[in-house]
């Protein structure tokens, strides 16, 4: 099992912190365990409340069912069903920018 460094950033929320996240744990769950409050609703990859945008690195979000191909290509990620697959940087609180 690999453990990756996931940097979570959101200027509007004053958030810029790096967490450690195993490659078999969702980013949202790891953030919560480390005391970081991120938005979420369904926790199943079926809505957009937890949306973020990967600006560096890669994630595996094969469990998601909400984002379309264009949103995926643009780097959007649902943190509730995303595993890190490298060290990465994720802009959080991106639900509004999806639309």
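Here, residue 1 is simply the first one shown, and the rest follow in order.
Every residue gets a Cβ built from N, Cα and C, even glycine.
The feature domain '2Fe-2S ferredoxin-type' is assigned by Swiss-Prot to 4-96, with sequence analysis given as support.
Annotation comment: Swiss-Prot describes 42, 47, 50, 80 as [2Fe-2S] cluster binding site, evidence class sequence analysis. Counting only same-chain residues at least 6 apart in sequence, those with a Cβ under 8 Å from the Cβ of residue 47 ([2Fe-2S] cluster binding site) are 41, 66. DSSP gives residue 47 ([2Fe-2S] cluster binding site) a coil state; it is part of no helix or strand.
There are 25 other Cβ atoms within 10 Å of the Cβ belonging to residue 80 ([2Fe-2S] cluster binding site). Ranking the binding-site residues 42, 50 by the number of CB atoms within 10 A of their own CB puts 50 at the top.
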